[in-house]
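Peer 1: Would you mind keeping the following structure in view while I ask a few things?
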Amino acid sequence: MYFIDVILPIPLKQSFTYSVNVHEARFLKPGMRVAVPFGKSKVYTGIVFQVHTEAPIGYETKSIDQILDEEPIVNSLQLEHWQWMASYYMCTLGEVVRAGLPSAFLLESETIIKLSATATADEASFTDEEFLVYEALQHQSSLHINDVRSILDKRNVVKVIQQLLLKGIVEVEEAVVEKYTPRLVRYVRLAREFSSEANLQELLDSLSRAPKQKEVLMTLFMLNAGEKKPVSSVLLQKKSNSNAATLKTLIDKGILEEYYIHRDRVNYAGPEGSETKQLNEAQEKALSEIKESFTQQDVTLLHGVTSSGKTEIYVDLISDMLKMGKQVLYMLPEIALTTQLISRLQEYFGESISVYHSKYTLNERVEVWHNVLRNKPKAQIIIGARSSLFLPFSKLGLIIVDEAHETSFKQFSPAPRYHARDAAVVLGNLHGAKTLLGSATPSLESYFNAKAGKYGLVQLTQRYGNVLMPDIELVDIKEKHRKKQMNGHFSDRLLEEMKEVLESGDQVILFQNRRGFSPFVECTTCGTAPQCPNCDVSLTYHQYKNELRCHYCGYHMAMLISCMACGSETLDTKGFGTEQIETEVRSLFPNHEVGRMDQDTTRRKHAHSKLIDAIENREIDIIVGTQMLAKGLDFRNIGLVGVMNADNLLNFPDFRAHERSFQLLQQVAGRAGRTEKRGKVLIQTYNPYHTILQQLSVNDYEGMYKDEAEQRYQYKYPPYYRTIKITLRDRNYNKMQKSAVWFAALLQTKLKEHVLGPEAPPVGRIRNLFITNLLVKIPRQQSVAKTKIFIEKAVRSFNSVKEFSTVKLSIDVDNY
Ligand code: ADP
Ligand code: ZN
Ligand code: ZN
């Protein structure tokens, strides 16, 4: 008898064992996929974990439905990494598999398929079964696995669907709400019919009276070097000194054709490897220190101020790795950042770059997965957000975690609730690779590790080109209000500086950490503020649509005319968001172009990159935005950054609030003056003597670190203590509360005073579920592993209490 243990992509504590015959046992290897029956009628795709001969105790094994791969698609290093992840983050291997694999790899009963939008069906190449499914999809837009079963009149249909997927005939329907659409770049080429010498000559003759158009064509020939290189319309326009109208005429005449390519999928054909920048002295020094540090240490923290040229240092390290035939993983906190970075890296590394993140279409993700698995030339450098950690690397030499302090590296929900920075360090170790954490404002945890000698530490304190750090001025708006020197939310100082910068032709960024018009609306007669019916928060007023919105669940309603409680028409908006700032700034500066960058303005296709382009091309003078603006964007002409109100950041109820405010404000400030001119930053606050703001104004990271570390030590928080957050949620408040008290008491039997709570979070109810938290603190000398085992045991006891069966319990290790 032969058996295989299969990891199913569901929250099962253990892998599940199936029986296989001797041929299957010989063929199957760990990391291959199999379709297996589960429960009464379900089918799942699982990953083979091991092949063995020991029958499981306690249940009859079923046999598998089908083998789906010829070769493993998951390698042993991945399985090892995923096991670590499951155990460290206290979740199941199945949950890790579900997070790690593109869902097109995991066909199951719930999967819905539809005809692919780009399908070009070669019906002759279909098997009979494939044809039947294809035909059925001509008549109905989507099919469930069970439908396919009845169409084909058999149980095992996963393989047929998989073949159709591979051939690009069908797609898996995704429940993704917001799909990322990579930016399209417009290219032009000569129309086919002119490709012959004779026709071309004729064409050129016919253009003798249109010298401009002729010039464009000649430039095109020069640039595309015998049709080998794609030529973007922007480049062509620039090189031929022409304008959009000339290009359009040529296209309208049918002489040129336009076509589009995803910017990050372009087969780059420009000069390669030739342009790496000469590092300056400080960068050279940092580079050699990093290399030196890597001889001793697997992880190094590069603490380099904003605009110090960290990216150029990464470039050097990457090219060393490529020369050694190793793969490089370059992780960024957000896809939004990739556009600028990709074009920068493409100049150096051309075609060796692939981009991977969870918002790509399934087909694109599958393609990158296969390229990495086969170690293709295209997949030597992977740029990606946190999910790129799961790719089937086999020869990683270097992992770069850029903007390593960013909290979006932490996955909140669902499990695995992992921190990609920490998971990267472990991945690096498994590969014997080096990990470089880069940041202008390292997290306290990373800096602590570096100071303790656990990581190497390299500092870069100057901006590239000796550009000065921006000059930061704190403006006391309490005082300004008292002296009546405020115009709306703008102090006289901010207005003065804005005018000056705009007059000199530079751009201004205005930062406000809230979107919408105003965070809440209040009745001035009775004090009632409209609340979300599903969550315990006030609704945010959005002026543009004249509606009230919940930022937690998306609930929205038309703006009220009168108070729901007392009927008075005395509703007043309180607080302010980006939308209100935009409105004010438009009336204050009617002669300048204003743009807004927040979740509301960047939802539409390409909106985000269009906005970035518009800023780069100086079509926008004043940009109002949320922290989306803070992240790593490299704009050249920002003369002034205005922070509308620093206080709501500082007052956030979280032990990391001060650290985060410092990081965020320093990042926003870092957008100012990245070229010769010194940038200016104005921070409006009710509390200019706040230590964090004082430290920020003199760029004193070290001081901030010292103070905060002291606080963390005093109050027993990371990096001195580890934390595990346990969240309990239920529709019924009393049940939730009772279960939390019960569970806390159970944990306290052993963990004593290191169990805090239950405590309701700032928003105590979301989507009709009441929420409460427990926090377990683990002192340095206490075993983390043992503590986790104890908590797991407690969770099992909890799960056996009938009364609490509806309560959702989730565990977040190293919570953020
Ligand atoms: P950081 O990532 O540290 O914020 P960047 O790598 O974006 O800084 O560098 C800031 C700017 O300085 C970029 O526009 C970059 O092109 C330029 N720069 C950095 N190093 C060099 C160099 N050695 N030669 C020329 N330009 C450089
Ligand atoms: Zn809500
Ligand atoms: Zn009222």
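We count from 1, first residue shown onward.
Just so it is clear, glycine is given a Cβ too, placed from its N, Cα and C backbone atoms.
Keep in mind it's a predicted model, so treat the numbers as computed, not measured.
The Zn(2+) 1 binding site annotation in TrEMBL covers CYS523, CYS526, CYS563, CYS566. Under the heading Zn(2+) 2 binding site, TrEMBL lists CYS532, CYS535, CYS550, CYS553. As annotated by TrEMBL, domain 'Helicase ATP-binding' applies to 291-460. Taken from TrEMBL, the feature domain 'Helicase C-terminal' covers 494-712.
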Peer 1: Given a 10 Å Cβ-Cβ cut-off, pick out the one of the binding-site residues CYS523, CYS526, CYS532, CYS535, CYS550 that has the most other Cβ atoms nearby.
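Peer 2: Highest number of other Cβ atoms within 10 Å: CYS532.
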Peer 1: Which residues, in sequence order, are found in the same chain with Cβ within 8 Å of the centroid defined by the Cβ atoms of CYS532, CYS535, CYS550, CYS553 at the Zn(2+) 2 site, excluding those residues themselves?
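Peer 2: Neighbours found: PRO533, ASN534, VAL537, LEU539, HIS551, TYR552, GLY554, TYR555, ILE766, ARG767.
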Peer 1: Other residues with Cβ within 8 Å of the Cβ centroid of CYS523, CYS526, CYS563, CYS566 at the Zn(2+) 1 site?
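Peer 2: So the extra residues in range turn out to be THR524, THR525, GLY527, THR528, SER562, MET564, ALA565, GLY567, SER568, THR570, LEU571.
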Peer 1: Consider only the binding-site residues CYS523, CYS532, CYS535, CYS550, CYS553, CYS563: which of them have a Cβ under 6 Å from an atom of ligand 2? Write none if no residue does.
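Peer 2: Within range of ligand 2: CYS532, CYS535, CYS550, CYS553.
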Peer 1: Looking only at CYS553, CYS563, CYS566, the binding-site residues on record, which one has the least crowded Cβ, with the fewest other Cβ atoms within 10 Å?
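Peer 2: Each of the binding-site residues CYS553, CYS563, CYS566 was scored; lowest Cβ tally within 10 Å is CYS566.
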Peer 1: Near ligand 3, which of the binding-site residues CYS523, CYS526, CYS535, CYS553, CYS563, CYS566 are found, taking a Cβ distance under 6 A to any of its atoms?
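Peer 2: CYS523, CYS526, CYS563, CYS566, by Cβ distance under 6 Å.
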Peer 1: Three-state secondary structure of CYS523 (Zn(2+) 1 binding site) from DSSP?
Peer 2: strand
Peer 1: List the Cα distance (Å, whole number) between CYS526 (Zn(2+) 1 binding site) and CYS532 (Zn(2+) 2 binding site).
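Peer 2: So the alpha carbons of CYS526 (Zn(2+) 1 binding site) and CYS532 (Zn(2+) 2 binding site) sit roughly 18 Å from each other.
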Peer 1: Cα-Cα separation of CYS523 (Zn(2+) 1 binding site) and CYS553 (Zn(2+) 2 binding site), in Å?
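Peer 2: The Cα atom of CYS523 (Zn(2+) 1 binding site) is 23 Å away from the Cα atom of CYS553 (Zn(2+) 2 binding site).
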Peer 1: For CYS550 (Zn(2+) 2 binding site) and CYS566 (Zn(2+) 1 binding site), determine the Cα separation and express it in whole Å.
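Peer 2: If we compare the Cα positions of CYS550 (Zn(2+) 2 binding site) and CYS566 (Zn(2+) 1 binding site), the gap is 22 Å.
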Peer 1: Of the binding-site residues CYS532, CYS535, CYS553, which sits closest to CYS566 (Zn(2+) 1 binding site) by Cα distance?
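Peer 2: Spatially nearest to CYS566 (Zn(2+) 1 binding site) by Cα position is CYS532.
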Peer 1: Can you tell me which of the binding-site residues CYS532, CYS535, CYS553 is spatially closest to CYS563 (Zn(2+) 1 binding site)? Compare CA atoms only.
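Peer 2: Checked the binding-site residues CYS532, CYS535, CYS553; minimum Cα distance to CYS563 (Zn(2+) 1 binding site) goes to CYS532.
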